[in-house]
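Taken straight from TrEMBL:
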ACT_SITE  Ser192  active site
ACT_SITE  Asp346  active site
ACT_SITE  His376  active site
DOMAIN    114-261  domain 'Alpha/beta hydrolase fold-3'
DOMAIN    305-379  domain 'Alpha/beta hydrolase fold-3'
SIGNAL    1-21  signal peptide
Amino acid sequence: ALLPALLLLLLPLAALAVALATVLLGLPSYDIPPGVNQPAKLRLVLAVLLGTAALGRILEKTGLCSQITFGRYVRQGRKLGVDPKLFIQDRHFNKVPVRVYQPKATSGGRRRGILFFHGGGWVFGSLDTYEKVCRYLSRESESVVVSVQYRLAPEHKYPAAYEDCLHATIHFMNNIEHYGVDPANVIVCGDSAGGNLAAAVSQTLAGRSDLPKLRAQILIYPGLQALDFNLPSYHQNRGVPLLFRERAAFFALQYLNGDALHMQEVLEGSHIPPDMRLKYRKWVSPDNIPEKFKVRGVKPLRPTDFIAEVYETVKRFCEPNLCPLLAEDAIVHQLPESFILTCEYDVLRDDGLLYKKRLEDNGVRVTWYHLEDGFHGVISLYDYCGFSFPAGKRGLDSVVNFLKSL
């Protein structure tokens with residue numbers, strides 16, 4: 001009886017040792033450029049994430065829990081106490097769990113309302129993970145914020161997350177009088193995968209005459225297409241945390257199919273037929289990215305053979321609700337005023353730049369904020385475990401300033 005108990009006691013320590021070894025061996029292969037904000041802190045955050053991933057793999061192999069389940073548990077973050085400036089309550093909008101943040105201070109008129117869709121590659125993230133960010137947005141912009149807990153992949157594949165965000169937004173707009181919000185001042189907002197969802201919801205609502213028009217969309221380093229993982233930013237920043245090039249494709253495939261099969265073919269570009277690639281080239285092309293973003297070098301795209309069987313499994317990547325960059329001009333020109341935040345050291349940088357151009361070409365007013373020292377995920381690290389990333393705070397404040405300008 002003593003041996004099993006001893007083994008149980010030693011298992012966490014052994015797992016931790018293996019995880020630590022993995023981290024120490026793996027760190028040098030990751031690329032943290034000198035221009036990144038707080039590189040030493042970022043290296044520490046990366047070590048925590050790599051350790052979590054290594055422990056998750058061990059737990060999955062032992063059959064205790066899946067790597068994704070463990071990753072979600074670790075990312076949950078600690079529960080925050082009462083906020084003296086906000087009323088916070090958990091509700092359901094059309095069966096979708098949401099958390100509503102309302103400023104306690106009296107307001108001279110009706111407030112703006114923000115639907116917030118969190119990031120995490122459609123796989124991770126929760127109301128608790130983004131609690132600090134949503135509190136900050138609500139307090140600083142004096143807005144009602146609705147954080148949406150959409151269903152996650154791989155358990156719930158596309159279009160589950162998109163449908164949850166859309167249904168929650170429509171419910172809010174139809175019941176807006178309960179929250180003291182001006183129906184003409186509703187904004188959708190999201191970071192990373194949440195930026196993708198905000199763009200998709202915005203496009204869907206653009207053609208609706210039965211609802212008030214959205215006042216704006218706020219897209220924070222959004223992922224907007226899965227046709228081309230060989231744009232300049234995908235190569236320049238392929239090894240820069242917190243989102244690596246391979247992981248970008250991995251997450252997109254998890255959301256689409258609930259698995260990451262054919263990831264290599266998708267990275268190489270074998271998943272899109274030549275005629276379709278040609279059709280979308282006017283929107284998804286390095287030619288549309290300003291030259292100043294190519295100074296760190298651009299890897300020439302070597303032609304790859306199209307593989308029809310792979311296309312059959314991923315052809316929904318051509319749907320705008322999944323890849324909003326591919327929406328037709330007729331939809332794009334109806335979109336509301338937009339704010340796009342991009343980071344220099346982010347594989348998704350060029351998705352944001354390409355969408356900025358598309359919006360501007362269609363007469364949509366765009367406010368663009370570029371963090372020269374930013375990396376993917378920096379917003380949610382603005383105040384992380386006792387130390388802060390100033391770039392994240394700057395990015396968050398740029399969002400607040402945009403909101404106040406509306």
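Including glycine, each Cβ sits where the backbone N, Cα and C put it.
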CB within-chain contacts under 8 A for Ser192 (active site), separation at least 6: Gly119, Gly120, Gly121, Ile220, Tyr221, Pro222, Gly223, Leu243, Leu348, His376, Gly377
Helix, strand and coil residues within the domain 'Alpha/beta hydrolase fold-3' (114-261) as assigned by DSSP: 62 helix, 25 strand, 61 coil
Mean per-residue pLDDT computed across the domain 'Alpha/beta hydrolase fold-3' (114-261): 97
Intrachain C-beta neighbours of Asp346 (active site), sequence separation six or more, cut-off 8 angstroms: Tyr221, Ser233, Asn237, Val240, Leu243, Gly374, Phe375, His376
